[in-house]
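Novice: First, the structure itself, so that you have it in front of you.
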Amino acid sequence: LLLSLQMSPESLQQGNLSSPTTFLLLGFSTAYGAQVTLCLFFSFIYLVTVLGNLLIVTLVWLDHLQSPMYFFLGHLSFLDICYSSVTLPKILGDSFSPQKTISFVGCITQIYFFLCFGGSECVLLAAMAYDRYLSICHPFRYPVLMSRRMCHCLVAISWLSGSLSSLIQAFLTARLPFCGSKVIDHLFCETPFLLQASCSPNAPLNKATLYALAGTIAMGSFLLTLVSYAHIIRAVLQKGVGMQKAFATCTSHLTVVSLFFGAGAVAYLVPHSSGSKERDKVLALLYAAVTPMLNPIIYSLRNSEVKGAIRKALCRG
């Protein structure tokens, strides 16, 4: 999608959310048949994402999955529904629209919620790794260390950290001035591409601040996850075969972490260039749409307890 930024002289002076700025989505400049194929593709992704994650949330809510690990999984699934809902419905709605536009306020709002849910998911994945560490390395103290209160605290921390970080980033992005008509070749409103379109002399400073905030959340969560799994692997190697079954409960989480952090790292850390536009779109689609769709599939296929809970729910139904 092409996002074209058009600003009036008044908006250049104000440089805030009250300006009449709009983003013109030039959209899929392809044949009608290709538009239908893309629309069906995105519809399939969104449908599988919502239904798959809603299934996990329902199983946790019905108490078919009662351990702290599945309490976190339920919140992860809810986050994935919200995360994909920030971008995919807008893309679908614009698929056949002749005038694809989004207001400046709408664009900043999309940035806020995208960063909020993404940041919260980073912290929640780290909390899930910490839960696995306590379960495997401290099994006798696990019920006390990972109490219901601790679970709620970790979830609250994930939501609060994601919300606060995204609020600051969205506010700083909204204050940037944009001179004239700028075209951003990307799938949706995202901070790095708006920073490229800004004509502010302070854009590099704002970019450094924004990346520092995002990096604190993402890298901090990733490092905590690595530390947790380093202790888990050491415990498995020391205690031998008896711990391998316990480590099997980590494989689904490790797969999800690799997909989420891997795609995000390549998208944000690799420099953007004119020759990497298609790569940027594919990566954005991977971490914004495909990963939330795969999470419930990964946990369902690789986890016997989830499959057992599904069978139990079907039998009761």
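Any Cβ shown, glycine's included, is placed from N, Cα and C.
This is the feature table in TrEMBL:
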DOMAIN    52-299  domain 'G-protein coupled receptors family 1 profile'
TRANSMEM  43-62  transmembrane segment
TRANSMEM  69-91  transmembrane segment
TRANSMEM  111-130  transmembrane segment
TRANSMEM  151-172  transmembrane segment
TRANSMEM  210-234  transmembrane segment
TRANSMEM  246-270  transmembrane segment
TRANSMEM  282-301  transmembrane segment
Novice: Might you confirm whether the transmembrane segment (111-130) is in contact with the transmembrane segment (246-270), defined here as three or more C-beta pairs under 8 A between residues 6 or more apart in sequence?
Specialist: yes
Novice: Can the transmembrane segment (210-234) be said to touch the transmembrane segment (43-62) if we require at least 3 CB pairs below 8 Å and skip pairs under 6 apart in sequence?
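Specialist: Contact between the transmembrane segment (210-234) and the transmembrane segment (43-62): absent.
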Novice: Cβ pairs under 8 Å only, please: of the recorded stretches 43-62, 69-91, 151-172, 282-301, which one is richest in them relative to the transmembrane segment (111-130)?
Specialist: 151-172
Novice: Please average pLDDT over the domain 'G-protein coupled receptors family 1 profile' (52-299) for the predicted structure.
Specialist: 82
Novice: The transmembrane segment (43-62): which same-chain residues, six or more beyond its ends, come within Cβ distance under 8 Å?
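Specialist: Distant Cβ neighbours of the transmembrane segment (43-62) are 70-71, 73-74, 77-78, 80-81, 84-85, 88-89, 92, 289-290, 292-293, 295-297, 299-300, 306, 309-310, 313.
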